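What Swiss-Prot records for G34, P35, N36, G37, A38, G39, K40, S41 is ATP binding site, and it gives sequence analysis as the kind of evidence. According to Swiss-Prot, the domain 'ABC transporter' annotation covers 2-238.
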Amino acid sequence: MLDVEGLHLKRGSSEVLSDIRLQLRPGQILGVLGPNGAGKSSLLGALCGELSPSAGQVRLDGRDLHAWPGQERARRLAVLPQASSLGFAFSVEEVVGLGRLPHASGRQRDREIVEAALAAADAGHLASRSYLALSGGERQRVHLARVLAQLWPGEAGTTLLLDEPTSALDPLHQHTTLQAVRSFADRGAAVLVILHDLNLAARYCDHILLLEHGRSHALDTPQRVLTPAALNAVFGIDVLVQPHPERGHPLIITR
């Protein structure tokens, strides 16, 4: 579980996040939405410890985030940044296996977990391929498998932070990726995912944080956050919102 209280973050003299309060709960996905420059990636940087808040606190399982020793924190918290680069000709299996470095579970168990994580990310058929030979979308799925392997199987007490994990993916793999994330949360992990697609967020997230100029415009269920008034205020778009005819979650249609 990750708790954020009164978080403020500065970059130089500019405050990019102001008074952010949220809780990542076991078994749930929190989606973060907002226009470019709203502070989404800065928020993820503060939550993973890459950026230090100017005020407020981030606690992982009741303990200040920076008080956790590196490997111990890595066994509980995994991060998929917006861009992951790797310049070595590792096989896909080796790249995903990097997620197991904080653990001492043995080679056989690690191999089993790597195989399971690749399957969850719909990347099992890529296992023996060179990472450098993959397309951008394939690389994105491999890095998803890596962070899933780091926390596998996704039990309570683990937290997964994802920055636009569907940005390079075709429509099918956007859904298979978020289905894998949904399954991970259903097994007990707490998940935060930054998205740009409003309808994907409405379908897969339990709660949504809507950011505007570094502040929380709304934090609630998709039904309460994804309203025409809120989306017009934050994104400047005119939309129709109606229940999905089969699933019931909000369906957003641009007018």
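Here the Cβ of each residue, glycine as well, is placed from N, Cα and C on the backbone.
Summarising the environment of N36 (ATP binding site), the number of other Cβ atoms within 10 Å of its Cβ, over all protein chains shown, is 7. With all protein chains in the displayed structure included, the most crowded Cβ environment within 10 Å among the binding-site residues G34, P35, G37 is that of G34. A38 (ATP binding site) counts 22 other C-beta atoms within 10 Å of its own C-beta, drawing on all protein chains shown. Residue environment of S41 (ATP binding site) contains 19 other Cβ atoms, counted within 10 Å of its Cβ in all protein chains. Of all the Cβ atoms in the protein chains shown, 23 others lie within 10 Å of the Cβ of K40 (ATP binding site). The 10 Å shell around the Cβ of G39 (ATP binding site) contains 24 further Cβ atoms across the protein chains shown. Model confidence over the domain 'ABC transporter' (2-238) stands at 97, taken as the mean pLDDT rounded to a whole number.
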